[in-house]
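Asker: Shown below is the structure under consideration.
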Amino acid sequence: MMGRPVLVLSQNMKRESGRKVQSGNINAAKTIADIIRTCLGPRAMMKMLLDPMGGIVMTNDGNAILREIQVQHPAAKSMIEISRTQDEEVGDGTTSVIILAGEMLSVAEQFLEQQMHPTVIISAYRKALDDMVNTLKEISTPVDTNDRELMLKIINSAINTKAIKLWADMACGIALDAVKTVELEENGRKEIDIKKYAKVEKIPGGIIEDSCVLRGVMVNKDVTHPKMRRLIKNPRIILLDCSLEYKKGESQTEIEITREEDFARILQMEEEYIQQVCEDIIRLKPDVVITEKGISDLAQHYLVKANITAVRRVRKTDNNRIARACGARIASRTDELREEDVGTGAGLFEIKKIGDEYFTFITDCKDPKACTIVLRGASKEILAEVERNLQDAMQVCRNVVIDPYLVPGGGASEMSVAHILTEKSKTMTGVEQWPYRAVAQALEVIPRTLIQNCGASTIRILTSLRAKHTQEGCQTWGVDGEAGVLADMKELGIWEPLAVKLQTYKTAVETAILLLRIDDIVSGHKKKGEDHGRQPAAAPEAPQQAE
């Protein structure tokens, strides 16, 4: 009594399950990790990527590389996603997190082959993660964020793995000054918003050494009228987000005019309105008016007569930065302007021509809580890479200021945590001890990769590093990424923020757990009709190829 087979899934569906899926996920993760393995450490190689639009990206930043890569496998997509998460959360460690997650999955493969249930492996990984976090906190050391020399050293160890390391001193100074400028403390809570208030302006030309941090704001705008002043000391600044033009009616407004005088009256009302708006501004005797909207020719005429400089169509984000820098308040209506809305914190308003473009500088502010970083360089590609590196440096500085704890770099903290996990696994009983010990083994991938990227002997140096960590008081020993030899990170001054390390470990282990829990992939395919529909269009190419 054999009936017809019951089809539950559509014929266009493809289903993979069990062991095949798990090994597929692990291989995808390992492939992604292998792509950027050479991008770790001070001897990191750079990758050149061509984006779909034909633009070139040259970088060794893990997140920037993976962002440009097109992948199809769902596990590879989730690996790329964790790199982006790491970048948004702490701004650094994007390469480490991918390598570590790939290795965590790689060491789990042998247990799956031995028919160990994924739940057992996951349980061991969770235990190991808790112990890793506690161990990291134990070996971390507090740091005084007001010690400029030490802060520069910390940022330098982050920059050392980047292309910008040739100008490390300048970059460290820029990153530290920018973060200290935008740091705001309210109700005992520190807020450092680099994205909003530390703007990076890239201007091709000049040399990288010309880059600097402005104590104020720079905007790519010129004054609206040639007769307006282009250099003002101690300016009084008014910021608006309304236009100095006659208000057009809302959509499809109609006015019916029966007499000629009515038309003249309408024109007169427009002029009176603009005159009134300008009088509201002139009443406060400002030197500079900056608006996000337009300024009509008539309004410019009144402002020039009152010796007021005007800048129009400034971005909202730039306007917010100017407000923070000079202490002005952005007004939405001119008739509501008060004396306290005028910004008097800026020391200098100046228009400069750099290359072919005009830039407005509002600098020498008394207590700016916003700044602009001006980057100069030979080409757009170099500037883009320098900006990426600088963003990482600022994020590292921000992490240390908010959470002032450090752990040793150069693979020292990984080896230290791995040693403690290995010792703990000896006291465990049952099957879980093997995946638990495998986590310790996976952590060694960071120092191993550092040694490989130097071209040194991996086995010899890693073995001697393991032996070193069994001794008392050698927790800060790691790999000198420049020379590929053992060194004390404390003496070399290579430190990493605790926040970055914690996030790296958590993200890597949780991603490994997530991918190990997958045992089935169902993928929907395009309908057959769609493929047939496209074939006639492709058909004419066949004869050409035959020729």
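The backbone N, Cα and C atoms fix where each Cβ goes, glycine too.
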Asker: Let me know which member of GLY294, GLY355, GLY377, GLY410 Swiss-Prot also records as binding ADP at the site of GLY41, GLY93, THR94, THR95, SER96, THR161, LYS162, GLY481, GLU482, GLU496, LYS501.
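Answerer: So the ADP site in Swiss-Prot includes GLY41, GLY93, THR94, THR95, SER96, THR161, LYS162, GLY481, GLU482, GLU496, LYS501 plus, from the candidates GLY294, GLY355, GLY377, GLY410, GLY410.
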Asker: Whole-number answer please: how many Å between the C-alpha atoms of GLY41 (ATP binding site) and ASP92 (Mg(2+) binding site)?
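Answerer: Given the Cα positions, GLY41 (ATP binding site) is 12 Å from ASP92 (Mg(2+) binding site).
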Asker: Any idea what the Cα distance is from CYS365 (disulfide bond) over to LYS162 (ADP binding site), rounded to a whole Å?
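Answerer: Distance (Cα to Cα, whole Å): 32 Å.
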Asker: Using a 10 Å radius around its CB, how many other CB atoms surround ASP92 (Mg(2+) binding site)?
Answerer: 28
Asker: Measuring Cα to Cα, how many Å separate ASP92 (Mg(2+) binding site) from LYS162 (ADP binding site)?
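Answerer: Pair distance, Cα basis, whole Å: 11 Å.
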Asker: Cα-Cα, whole number of Å: LYS162 (ADP binding site) versus THR95 (ATP binding site)?
Answerer: 12
